[in-house]
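According to Swiss-Prot:
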| type | residues | note |
| --- | --- | --- |
| BINDING | Arg26, Gln27, Ala28, Gly29, Arg30, Asp75, Tyr150, Ser205, His318 | substrate binding site |
| SITE | Asp75 | site 'Transition state stabilizer' |
Amino acid sequence: MDLVNDLILRAARGEPTPRPPVWFMRQAGRYQKAYRKLRERYTLPEIVQNPEVCAEVTLLPVKALGVDAAILFADITTPLYGMGVDLSLVENKGPVIHNPVRDEKGVEALRPLVPEEAVPFVLETIRILKRELPVPLIGFAGAPFTLASYLVEGGPSRRFLRVKALMYGEEALWHRLMEKLTEAMARYLRAQAEAGADLLQVFDSWVGALSPADYRRYVKPHMERLFQSLRPAGVPVIHFGVGTMGLLEDMKEAGGDVLGLDHHTPLPWARALLGATPVQGNLDPAVLLAPKGVIRREVQRILKENGGKSGHIFNLGHGIVPETPEENVRYVVELIQEVAA
């Protein structure tokens with residue numbers, strides 16, 4: 001289907017738009033009644049590996065909310081299966097790695113990712129969506145540090161002690177792990193673009209655990225290589241992290257056409273720091289649990305803080321939480337659409 005709404009593509013290029021485009025991280029998920037109904041029939045891996053069902057889930061918020069972009073429904077750990085990682089997605093916990101990568105043997109056991117063989121269902125989902133979507137489709141992948149955190153820790157972590165111990169204690173091995181993950185995610189993202197994704201987002205959900213000095217030494221060179229390898233894909237790339245206020249300048253230097261801001265980052269400060277670089281964000285997801293008067297106030301605050309500058313994609317500072325009322329998400333979209341009314 002030909003795009004009838006290219007607002008997000010124009011904003012990602014820093015071009016003027018009549019209003020900010022709006023979409024939400026985790027816009028297809030447990031807060032939706034229709035999604036919960038599907039989950040009664042399918043597990044998360046079953047949805048992701050069934051292109052027809054996965055396309056249906058990806059389309060849910062486009063139809064229900066009127067957002068300006070769809071984001072491929074998947075998990076950031078999806079490509080790890082194709083690298084030989086034994087993992088499970090545990091409800092209310094997240095990915096659990098049954099063969100954690102903590103030594104040279106574990107790193108060398110990671111296979112090169114061949115997306116067409118390892119995740120053909122992801123690419124077929126994209127092709128289906130491109131026939132049906134009136135708005136751009138965002139493909140995505142986890143950033144190397146965030147994926148390394150899962151692999152080394154064995155699952156979600158709060159203190160990241162194991163991953164930091166490897167990083168500090170065996171630096172050469174750490175860089176080898178990051179090189180493997182960088183190459184794998186570059187292939188994965190390029191394959192998504194070739195299948196039809198209009199934009200890409202790199203999620204570095206846990207990189208805020210690092211100091212700026214550690215980011216520069218242990219992560220930034222790999223992110224630079226990742227973004228350089230994505231240039232031939234010819235689509236805009238969003239670079240997003242959580243807890244990254246102190247890393248934003250380095251993240252900008254590492255690459256990406258758009259910088260995603262979490263809700264702890266003051267928007268005026270970020271825009272001054274980043275100059276002409278387009279930004280995405282950054283409403284606190286918890287605001288969507290509040291009364292509509294508060295939601296309106298906070299949405300208007302963010303729009304005012306942006307000051308009408310080009311290159312602003314409205315989003316949350318993190319993903320929609322499951323407790324969120326659907327009507328409140330729809331209300332945010334309506335508020336943004338009022339800007340151009």
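Just so you know, glycine gets a Cβ as well, placed from its N, Cα and C.
Mapped onto this structure are the features recorded in Swiss-Prot.
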residue : record                             : DSSP class
Arg26   : substrate binding site             : coil
Asp75   : site 'Transition state stabilizer' : coil
Tyr150  : substrate binding site             : helix
His318  : substrate binding site             : coil
In sequence order, which same-chain residues at least six apart have a C-beta under 8 angstroms from Arg26 (substrate binding site)? Gly319, Ile320
Give the sequence-ordered list of residues that share a chain with His318 (substrate binding site), lie 6 or more positions from it, and have CB atoms under 8 Å from its CB. Met25, Val242, Asp262, His263, Pro285
Cα of Arg30 (substrate binding site) to Cα of Asp75 (site 'Transition state stabilizer'), in Å and rounded, measures 14
Pairwise Cα distance for Asp75 (site 'Transition state stabilizer')/Ala28 (substrate binding site) [Å, integer]: 12
Just report the maximum Cα pair distance in Å for the recorded substrate binders Arg26, Gln27, Ala28, Gly29, Arg30, Asp75, Tyr150, Ser205, His318, no decimals. 23
